[in-house]
Ligand SMILES: [Zn+2]
């Protein structure tokens, strides 16, 4: 467990690696066993779980405050004020944040314990949003590995984008109405990156 009074832990990995579950677990542990005051945030565009809640794929859930996708100086000031009474701050789906998300995290980690979760790479196999910068600032990084959906024997680090069950071969390829878009975790051998 990451039990530093202040500092940053990042939980990262591909889709279906139970990052949100690990985040909720660490927040629950801090609250239950250390008596910490905890608060969770998520971007308001992460709508899969519903409003003001984070739900992990294996069933853990917890209330979360929503933040705009684009982090401005004003949002940073609001979050800092909001967090004053809390010891531990969690942020989910961090790859979606734009603007000054790195600055926000940097401002928090000298006075709070911060646990951030987010996707490592996008479907092209490139660093997702500002996750790389955030990982660089971390005291601890926990990489989550689901098993590869294709070979079922190696650990997955990529999120493969699929259209009707087949890998998307072109960048930004449109998925037409009626076609089924999906994602699955894949290992480096089985992952098919889209070309330009
Ligand atoms: Zn594989």
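Keep in mind that glycine also has a Cβ here, set from the backbone N, Cα and C atoms.
Keep in mind the model is a prediction, meaning the values are calculated, not measured.
Features reported for this protein in TrEMBL:
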- 93: active site, proton acceptor (ACT_SITE)
- 175, 176, 177, 178, 183: substrate binding site (BINDING)
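You'll find the Cα of residue 183 (substrate binding site) roughly 16 Å from the Cα of the residue listed as 'active site, proton acceptor'. Neighbour list (residue 175 (substrate binding site), Cβ cut-off 8 Å, at least 6 residues apart, same chain): 163, 168, 181.
Highest local Cβ density among the recorded positions 93, 177 belongs to 93, counted as other Cβ atoms within 10 Å over all protein chains shown.
Counting other C-beta atoms within 10 Å of each candidate's C-beta, the binding-site residues 176, 183 are led by 183.
Following the DSSP three-state reduction, the secondary structure of residue 183 (substrate binding site) is strand.
Reported as a whole number, the C-alpha separation between residue 93 (active site, proton acceptor) and residue 176 (substrate binding site) equals 26 Å. Of all Cβ atoms in the protein chains displayed, 6 besides its own lie within 10 Å of the Cβ of residue 178 (substrate binding site).
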